[in-house]
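I have placed the structure first, in the form of structure tokens, so that the comments after it can refer back to it.
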């Protein structure tokens, strides 16, 4: 019995370590490629990520049977998934564009404001109101980013706008997903949803990359002739992008919601520290205080949400059960229906 518990504990620790490594790794490698290495093609990079997610998701589900395969049951469901995929593309591309101009530390500070945008979109699209205490906790979330922006030595307006857009799109996707895939017959777990969204994303991104990033394929091949490392970096980066989603799914499955919340909040801080050590970007005390305030606000928001849900259950109210899990590239929060483990 003790041996089984120990092996289970080591398995969970290994999962969390893989989750941290893949999330932080893909974020830092994206930054290195788009900023330091000089590979200035975020749309093409995102397309590489989605291509890898398409292939590896299919292998994991259809061949390796890691999770039961769920099928698309109607054209309407397919159109809903396509809409989610388009929002997903906008979020990831905008996030990658922002990494060309902003340091990872500031990128993470802005990304931590996802709960604010989620609350705004949830109200606008579903007229769902939270308790007043929940809205109060969003004040330090937004205030912290305002302070961090004022104290950021490497502030870039276009990069800031792209990062805010990416954060808003992530929040929009989570709310839209909760609306579009709310019926029992349409709910998909996160791995199956990725398997269907990723190929659709490739269809969106391929013509967009060819139109907006002129001769990107030829330039990439020319770079490869001079430095073959670019091919290996792109392949490794794309594989990491899939590993982010896989480990996120597994950690969500094997840990509690509270553990996941704590780990997710800590992950952003770890990413900030590692990025500063690697890229040596200048930071200010004001900027770090702003980021700290934002993280505190996110923790308070999560706690307020949890208490609000608990109160609703005590009052006998019926609500759509949801769990929060941190998603991909830059520690980003998103909703998943309760069927998503």
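Residue positions begin at 1 at the first shown residue.
Any Cβ shown, glycine's included, is placed from N, Cα and C.
Taken from TrEMBL as is:
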DOMAIN    15-302  domain 'Sugar phosphate transporter'
TRANSMEM  12-29  transmembrane segment
TRANSMEM  41-63  transmembrane segment
TRANSMEM  83-102  transmembrane segment
TRANSMEM  108-125  transmembrane segment
TRANSMEM  132-149  transmembrane segment
TRANSMEM  155-172  transmembrane segment
TRANSMEM  193-210  transmembrane segment
TRANSMEM  230-251  transmembrane segment
TRANSMEM  258-279  transmembrane segment
TRANSMEM  285-302  transmembrane segment
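Taking residue pairs at least 6 apart in sequence, the transmembrane segment (193-210) and the transmembrane segment (83-102) share three or more C-beta contacts under 8 angstroms. Residues 105-106, 108-109, 112-113, 115, 134, 137-153, 261, 265, 268-269, 272, 324 of the same chain, all 6+ positions outside the transmembrane segment (285-302), place their C-beta atoms under 8 angstroms from a C-beta of that stretch. Counting same-chain residues at least six beyond the ends of the transmembrane segment (12-29), those with a Cβ under 8 angstroms from any Cβ of the stretch are 99, 104, 107, 233, 236-237, 240-241, 243-244, 247-248, 250-251, 254-255, 263, 267, 270-271, 274-275, 278, 326, 328-331. Simply put, out of 108-125, 193-210, 230-251, 193-210 has the most Cβ pairs sitting under 8 Å from the transmembrane segment (41-63).
Taken as a whole, the domain 'Sugar phosphate transporter' (15-302) shows an average pLDDT of 92 in this prediction.
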